[in-house]
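**Student:** Copied straight from TrEMBL:
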DOMAIN    1-110  domain 'UBC core'
ACT_SITE  Cys47  active site, glycyl thioester intermediate
REGION    115-149  region 'Disordered'
COMPBIAS  121-142  compositional bias 'Acidic residues'
Amino acid sequence: MHTGLYEGGVWKIHVELPDAYPYKSPSIGFVNKIFHPNVDELSGSVCLDVINQSWSPMFDLLNVFEVFLPQLLIYPNPSDPLNGDAASLMMKDKEQYDQKVKEYCERYAKKEHIMNSTGEELSDEEDVSDEESGSSDEEEDEIAGHADP
């Protein structure tokens, strides 16, 4: 079973739902760093073209976490990159690309990185627990770097 290079990594995911959801796809971003051709390294945003290619109004947020994101991690698309360095490295030197992905997982995608990332970025006013923010349009969740085929 192929589980992908991101196996063992843990990311906090930021999902923003547009007004036209579910007819329009959500915007999805990684809060902690990931080295991936379709994810902007600085903002963590996932390439909208990649989301829109596979988005359907039939999907719900569970599909985002159980299907879309695991597929994105296992099958990156270097021909539509948001991270040009990752895309060109993936195509030119797969071994070095694999090594860099694993290095990022070690440095940025462990449970403790998720715990630390919330406290540093949010002010007291914005720091709302998940239970209290149920009516919000935005949702954050975490995804482990593995998928069942």
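Every residue number used here counts from 1 along the chain in the order it is shown.
Using N, Cα and C of the backbone, Cβ positions are placed for all residues, glycine too.
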**Student:** What is the number of residues in the domain 'UBC core' (1-110) that are helix, strand and coil, as DSSP sees it?
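**Tutor:** Taking the domain 'UBC core' (1-110) as a whole: 45 helix, 14 strand, 51 coil.
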**Student:** What residues, ordered by sequence, lie under 8 A Cβ-to-Cβ from Cys47 (active site, glycyl thioester intermediate) and sit at least six positions away in the same chain?
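**Tutor:** When sequence neighbours closer than 6 are ignored, Cys47 (active site, glycyl thioester intermediate) has Asn38, Val39, Asp40, Asn77, Asp80, Pro81, Leu82 within Cβ distance under 8 Å.
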